[in-house]
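Quick look at what TrEMBL annotates:
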type	residues	note
BINDING	A:Asn254, A:Lys255, A:Met256, A:Lys257, A:Asn279, A:Ile280, A:Cys341, A:Ser342, A:Asp343, A:Gly344, A:Trp345, A:Asp346, A:Arg347	substrate binding site
COMPBIAS	A:545-560	compositional bias 'Low complexity'
DOMAIN	A:129-504	domain 'Myotubularin phosphatase'
DOMAIN	A:310-357	domain 'Tyrosine specific protein phosphatases'
REGION	A:538-568	region 'Disordered'
Amino acid sequence: MESCFIYSVQDMAKDVTYICPYIGALRGTLTVTNYRLFFKCMDREPAFVLDLPLGVVSRVEKIGGASSRGDVSYGLVCKDIRNLRFAHKQMEDSLRKSIFEILMKCAFPVSNGLTIFAFEYGQVYPENGWKVYDAQAEYKRQGLPNESWRITKVNDHYELCDTYPSTLVVPVNIPDEELKRVAAFRAKGRIPVLSWIHPESQATVIRCSQPMVGVNGKRSKDDEKYLQTIMDANAQSHKLFIFDARPSVNAAANKMKGGGYESEDAYQNAELVFLDIHNIHVMRESLRKLKEVVYPNIEESHWFSNLESTHWLEHIKLILAGALRIADKVESGKTSVVVHCSDGWDRTAQLTSLAMVMLDGHYRTIRGFQVLLEKEWLSFGHRFQLRIGHGDKNHTDADRSPVFLQFIDCVWQMTRQFPAAFEFNEYFLITILDHLYSCLFGTFMCNSEQQRVKEELPKKTVSLWAYINSQPEEFTNPLYVNYSNHVLFPVVSMRHLELWVGYYIRWNPRMRPQEPVHQRYKELLAKRAELQKRVEELQREVTNRSASSSSERAGSPTRSITPVQTFV
Amino acid sequence: MIETFGIKLICSKNSCLSPVVCLVVSVSCRLCLVVSCRLCLSPVCLLSSVCLLLSVCLLSSVCLLSSVSVPSTGEVVFCSASTVLKYTQDDLSQRGVFGVLLCTNFRVSFVSDEAPTEEMGQLFKNKLYGENDIPLSCVDNIYGGSEDKRKLITGGLVKNKYPSKMIIHCKDLRVFQFSLSFSKEEDAKKIFQGIVHHCLEPKSLRCLFAFSYCENTSYPEAQRKKQTVMFDSVEDWTQDMKRTKGNCRVVSENSNFELSPKLPQYFIVPKNVSDEDLTKYQGKGLPMWCWSHHSGCALFKTASIPLVQEDNVPQTYMEKMLTAVAHNHLYSVKTEDLSDTLPTVQDILLSYNRFKQFFLIDNTTEFWMSDMKWFSSLDNCGWLDIIRQCLQKAVEVVESLEKENTNVLIMEEGGSDLCCVVSSLVQLMLDPYYRTLLGFQSLVQKEWVAGGHAFLDRSNHLHLKDKVESQSPVFLLFLECVWQLQQQHGPAFQFSETYLTVLSDSIHVPVFTTFLFNNDGHRDSLLRAESPHTQRSPLNCPTVWDWSVQFDCKAQDLFTNPLYTEKPKQDTSVRKSYRPRHLRQLSLPSSAFKTPPKKGFFKDEADNLKKILGVKRLSRWMLSPSSDSPQTSSSVREFYEAWQTKPLDYHGLLLPCLDGPSIRVWMQRYLRWIHDVQILGGGPVAMLSKVSEILGEVQELQRQLDRHGCTLTSNHKGARPRAKTAAAVIAARSSVRLSSSFPFVTSRNWSFKPAIPTSLLQSLMVTGMAGNLADREDDGGPESLV
């Protein structure tokens with residue numbers, strides 16, 4: 001797809017050995033450009049090709065010195081659950097060194113003062129993906145502003161909160177001045193704002209960061225009044241649920257650093273619930289263990305115990321369970337909910353966006369999901385640059401964490417449980433994750449809306465949605481049924497959670513299905529389309545004929561034709 | 001014969017449990033009650049209290065049964081109690097419904113006092129028993145409970161004692177909880193003891209419901225014969241051998257069990273087996289033909305002869321048999337003693353008993369507690385690993401047949417347990433005919449029923465103390481393996497997951513002759529003895545394949561897989577004209593005498609006649625060590641990978657992926673009754689209904705085209721829509737209202753509230769995990785510590 005672009009070939013080496021964990025050693029040509037690493041082995045039929053965007057590389061390391069046979073090798077640790085290993089002959093040491101250096105340079109442009117490839121990629125797509133999300137339009141779809149909620153411009157220049165979007169929805173009765181006072185009491189100024197409103201009950205999903213309670217149990221009248229107003233905006237319930245995503249121990253520990261959680265004394269009518277989701281470090285460690293278990297080979301005998309020991313699915317379960325409780329309170333309890341963690345950009349984003357997927361069928365469409373990501377993740381400042389570490393060689397950075405990956409995994413779990421409720425397919429989710437790392441598109445660059453505006457990403461880079469929306473058929477679930485307003489309550493028992501083999505174990509050829517099932521559904525749909533076409537053609541023909549024959553022999557009974565059914 | 005007020009009392013000499021009087025109650029088609037009374041001289045003794053109760057209950061039962069849907073005639077009510085509380089399974093709130101609890105000769109039945117609700121559940125209603133009925137043989141365990149304690153009841157009761165609460169675990173994994181504390185003490189005692197007696201104590205085969213059912217039900221036999229090949233005639237066997245181009249000898253000399261009652265009525269052996277060989281060791285060591293590969297090699301199975309060291313006679317016999325299998329040394333032969341490499345039937349039972357406990361859930365709290373350790377529990381019980389081992393063994397055999405073209409002889413002690421599992425799996429993988437619904441039923445007939453799997457002993461329906469050891473869910477294990485294959489290669493199978501689940505339930509419905517006997521001879525002798533018309537035809541009982549006994553046509557539509565790919569060119573006579581698509585070799589034994597390609601797992605017997613006959617060599621394979629199994633697994637791996645790179649052909653060879661994540665839990669079967677894991681509006685049925693809808697549309701379009709006198713010229717090789725599929729059944733209902741338990745649980749009991757884990761979420765977290773990580777601030781850098 002990027003054939004017309006500036007790939008500068010940085011280096012090319014013949015007679016490189018790729019040590020494939022499944023096939024074994026393969027000899028071929030290795031090419032490194034400023035975007036990708038490309039390895040081709042012609043000895044096999046069909047030719048073996050490895051094509052890897054350099055953005056995926058987390059670290060490059062030399063492995064050992066010279067081995068007994070005089071080979072030297074280096075390995076690439078990748079963000080997408082695989083490791084690659086290449087080897088050269090020792091006498092080509094100069095060459096090897098050059099490839100290693102080129103890799104270090106091109107895989108980590110940020111560390112080397114270079115630009116990320118997304119800024120050079122200039123493919124033109126029919127649609128401008130940056131226009132997919134328009135905050136005003138999305139709030140309008142939700143019926144906002146209305147008598148209780150207004151759209152404020154207070155953060156237009158990111159002065160109230162530099163990690164929030166410019167467009168915010170807040171209660172009508174709270175003037176901008178008061179918002180500023182609330183911001184002083186919330187970590188990083190991330191005040192409670194509306195994310196989603198129930199079309200019927202007017203119950204809302206509110207997100208924010210932790211209150212700055214501190215060890216002394218500081219209170220803020222403004223914040224208390226603010227939450228009371230949020231509760232009052234929903235006439236159906238006289239209660240407000242505050243979901244703190246953290247384990248209560250961690251929430252309490254935050255008091256030492258000035259943070260904390262709402263006390264039920266200060267916030268009357270509010271009930272505080274801890275959702276026990278662990279922090280980014282625990283999640284990172286869990287994924288590291290998972291990679292050990294699934295890559296390159298799976299140990300057959302203790303598969304489930306090994307899987308359990310990574311705790312990955314337990315974390316997924318907790319996140320889904322939290323989102324489920326939120327969705328349940330909003331839908332069944334008709335109660336507004338406030339969701340926060342510490343800063344409100346990791347666990348909070350997971351919870352609100354998952355709850356919104358459960359509550360609102362729009363977010364289960366291809367475009368709706370794009371809007372959801374743009375809104376809850378990108379505009380509300382999930383720190384993609386830090387969490388992924390685009391182009392940064394510092395692979396041990398403690399800020400890195402698979403928070404977004406977990407969210408996509410949760411969505412995938414839901415698509416497994418509700419196979420007809422999502423317009424998009426598994427490939428759509430995998431594509432998003434692949435380009436989360438690839439650095440081809442500007443979508444996941446930077447940490448906040450403010451930074452994106454400053455970097456002029458919409459002007460200088462292409463959005464992932466431009467690419468996806470240029471070929472939606474690739475990403476469409478052929479069995480999608482539009483349930484419209486149906487709320488999905490996934491089952492969050494381990495019995496129904498499974499490891500996402502299609503993503504985490506996709507490099508293992510044995511786990512690859514020979515024919516993806518959706519291929520058969522597609523065939524079926526093609527068959528229907530073909531038949532439909534033929535029936536329509538015949539219909540036309542018959543109509544034409546009967547028209548001509550009736551003119552010839554007026555009054556003769558013409559065969560009645562069943563009208564062709566049209567299918568949506 | 002007395003008849004009073006529409007109540008008919010029949011006295012007959014026939015089998016009945018009690019030494020006193022039993023009352024047979026049934027509803028005739030005119031809905032008048034027929035009460036038959038029988039004297040019975042069976043030595044099996046019923047507790048006298050229970051019998052006394054019968055007379056007491058008579059009147060109430062009569063009134064009662066008129067409101068129960070009685071599926072079948074010949075049913076006897078033993079005892080009953082009213083105002084029994086049935087707990088609604090999934091909460092601890094002690095809520096439930098009141099009703100009458102009955103025990104008959106067929107089932108334990110709960111009749112709710114509330115008016116029965118007629119709703120969509122009727123779609124998949126079993127005609128023999130309802131959702132509150134438990135066929136007696138389906139009862140797995142009974143627990144007596146008082147307050148929070150519960151105790152396994154093993155029969156042999158203390159008089160006058162009964163628990164206030166009775167928990168029944170069923171073999172189809174339902175769990176019932178009844179409170180007896182609201183009933184009259186006398187009634188409660190009797191119903192409890194009655195149920196325990198009839199469900200857990202030893203009884204004679206004649207007491208199984210099948211016999212009274214069959215005597216009282218007229219049943220059209222002709223219909224079934226046309227469908228499933230029963231392998232109860234020479235023709236069936238001959239035809240199957242012809243179909244696969246086998247070249248062996250059909251033995252019909254045992255048609256009246258003159259040779260041996262232990263041998264099947266009909267069977268096929270290698271040509272060179274002489275008549276006198278047939279009976280030499282009561283059929284042990286006799287190689288029975290299972291299936292022929294298109295290359296000419298074939299699969300045989302046998303019961304192994306226990307080897308006596310000093311005695312050379314069995315060895316000589318085995319040598320002869322091996323030569324016969326080798327077809328006069330045209331083929332090499334591999335032998336495989338399954339007893340050495342696969343788990344024993346006791347292992348299978350133990351593992352399954354651990355496994356099933358994860359699904360027999362008494363309450364929600366218990367469920368969510370067990371959820372935490374779900375994955376490691378799965379590993380620890382070993383059930384999935386046993387499934388994997390069986391599949392792997394089958395793949396090894398397939399490799400020998402398909403790749404090496406050697407004859408394979410599998411053996412084990414009885415020759416009718418794991419041999420049946422492996423041989424049927426091999427045939428499913430190699431022969432697309434067996435992946436059709438009728439083909440599959442024929443396969444079960446051939447390998448399991450005619451093949452002499454001891455269904456009765458393995459299920460121990462009779463609760464005989466001396467058979468406790470032989471109990472084992474071997475057939476269920478086979479169905480599990482089939483399910484795995486089907487899960488991985490859906491479009492290759494004509495039957496659905498629901499079909500397999502229903503089949504696994506039917507094992508415990510004591511009506512079908514399929515699962516009641518140990519072998520052909522056993523079946524024949526009993527059916528003859530039980531026949532009401534002595535000297536004439538044996539008792540005519542339905543087989544499980546007579547699905548109309550259990551389900552109406554609409555429900556049976558759910559047995560077929562709408563995505564099944566039929567063969568592009570469908571011949572009307574599939575069985576005769578069958579020719580595998582992956583045919584690459586001539587049917588001639590081209591590989592005769594070729595040296596085996598590599599040292600496989602199987603002991604290679606064959607390339608040299610001398611070697612086959614060498615006693616030393618023979619005894620070596622008899623000992624068949626399993627030391628080289630890692631090698632096997634890598635060989636199987638290669639075989640799988642080579643197959644995987646070829647384009648997939650649903651009518652050719654199918655191999656399962658055996659890696660960890662590929663072997664799964666059969667969700668539909670095991671999770672269907674657990675409320676907390678039902679996905680409302682989701683599950684496979686959501687997909688099924690959409691596919692059905694599209695298929696329906698395709699059919700409609702096709703019809704329109706046909707009406708225009710036009711046939712579609714393009715030969716689209718994709719899914720050719722089947723006539724009537726599940727489409728009609730489901731499409732009408734919005735799948736939003738269906739759940740992942742479809743079609744087994746109705747949506748009536750839905751609370752639309754999601755199931756939220758009740759356990760302390762925190763407690764499951766990561767005890768041994770690097771604790772300091774959990775305590776750290778979200779943002780790694782110290783600069784972000786506010």
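Glycine residues also receive a Cβ, built from the backbone N, Cα and C atoms like all the rest.
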Maximum Cα-Cα separation in Å among residues A:Asn254, A:Lys255, A:Met256, A:Lys257, A:Asn279, A:Ile280, A:Cys341, A:Ser342, A:Asp343, A:Gly344, A:Trp345, A:Asp346, A:Arg347, which the record lists as binding substrate:
21
Cβ contacts of A:Asn254 (substrate binding site) (under 8 Å, same chain, 6 or more positions away)
A:Gln210, A:Arg246, A:Gly260, A:Tyr261, A:Ser342
Tally every other Cβ atom lying within 10 Å of the Cβ atom of A:Arg347 (substrate binding site).
30
Have a look at the binding-site residues (A:Met256, A:Asp343, A:Trp345) and report the one with the fewest Cβ neighbours inside 10 Å.
A:Met256
List every residue in the same chain as A:Asn279 (substrate binding site), at least 6 positions away in sequence, whose Cβ is under 8 Å from its Cβ.
A:Arg246, A:Asn250, A:Ser342
Can you filter A:Met256, A:Asn279, A:Cys341, A:Asp343, A:Trp345 (the binding-site residues) down to those whose Cβ is less than 8 Å from some Cβ in chain B?
A:Asn279, A:Cys341, A:Asp343
Please list, for the domain 'Tyrosine specific protein phosphatases' (A:310-357), how many residues fall into helix, strand and coil according to DSSP.
32 helix, 5 strand, 11 coil
Can you name the residues of this chain that are 6 or more positions from A:Cys341 (substrate binding site) yet have a C-beta less than 8 Å from its C-beta?
A:Ser209, A:Gln210, A:Asp244, A:Ala245, A:Arg246, A:Ile277, A:Arg347, A:Thr348
